[in-house]
Amino acid sequence: MADADPCVAFVGLGSMGKGMACCLARYLKANGRQPLRLYNRDPSKLTPLLEDAELGCVQAASLADVATSAQIIFMMLSHDTAVRDVVGQLVAALQAGAGAAGQQEQGLQQQVPQEQQQEPQELLEQPQQEQPQQERRQRIIVDCSTVSPETTADLSRAAQAVGAAYVACPVLGRPDAAAAANLLIFCSGPDAAKQALVPYLGAMGRKVLDLGSEPQKAHIMKLLANFHLVSLIELLSEGMTLAEKNGISRDTYMSFVDEILPVPIVHGYGARMAADAFDAGAGFTVTLGLKDVNLMRKLAESSETPLPLADVAFNHLLSAKAAGLADKDWAALAVAVRKSAGMPE
């Protein structure tokens, strides 16, 4: 599926992507591989990585450059729209047979029909013309974002039509876990492509769970994982609020929780709530939490599976956002629970 020393690219250098890209770059350099190529819509986010000599990264000129120069393309983006846009541009470049590796964006765009340059999303909505096998340049597109299963299925078909494999690899963990290569990675897609990704996923995560050959299955599992997390946050918020209203301090409540659920992630969220430490920092925001809970509610609706806990958590997150906490850690859901109980925010 992939060359012995394939060119690898990483698209999306947000709080999660940055840590993942650093781990991947270190692996490539330590093993004498080609340098990691980086692309981000805001190029200023690339500067710290490009200036770090220990990483040895190089900048890709454009998404078209990424498509034509890299055999393995990782993405970590914030939502479905961004993922569809990026994959649309990659597909456009591949479908057009866009030149040799490293060719500049202007030259590439001259080869792409104008309507494709303006609306890469259209490529995902139209039947793709199959390319002769000998003309295809094998690519593996790897999406590590959290998106809907429907989006993943659509993009997998679009990638396959231009001779690329599409693998879903959403991750579980906060930015500090990404920087420490301590992520749990859910992986699904074509077997040969998954096998080619083994060393790279190992460089970014502590464990990979194989969900089979259908790319959307990994995203379903990621939504299930986030459902458990937001349910935990809701549970801690309600329990802590009930305790506090009845004269039991937050710290005392957390001492009890730590005894019956001695798990780092439980303690972490509970400690944030107890201290009102909701600055997102290296965390997951209320806005992103709303996006993910909405995705799991849509999945529940499509499969006729009621999720009352997700509904309650969604409403509390929505209230937290309305209270001006959109950019706070999603543990700020607790603020909405306290308010509903008549407590000061």
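Placement of Cβ uses the backbone N, Cα and C atoms for every residue, glycine included.
Keep in mind that this is a model prediction, so the values were computed, not measured.
Database features (TrEMBL):
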- 8-98: domain '6-phosphogluconate dehydrogenase NADP-binding' (DOMAIN)
- 105-137: region 'Disordered' (REGION)
- 105-132: compositional bias 'Low complexity' (COMPBIAS)
- 136-209: domain '6-phosphogluconate dehydrogenase NADP-binding' (DOMAIN)
- 218-334: domain '3-hydroxyisobutyrate dehydrogenase-like NAD-binding' (DOMAIN)
- LYS222: active site (ACT_SITE)
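Counting every protein chain shown, the number of other Cβ atoms lying within 10 Å of the Cβ of LYS222 (active site) is 27. Residue counts for the domain '6-phosphogluconate dehydrogenase NADP-binding' (8-98) under DSSP, helix first, then strand, then coil, are 47 helix, 13 strand, 31 coil.
A mean pLDDT of 95 is what the model gives for the domain '6-phosphogluconate dehydrogenase NADP-binding' (8-98).
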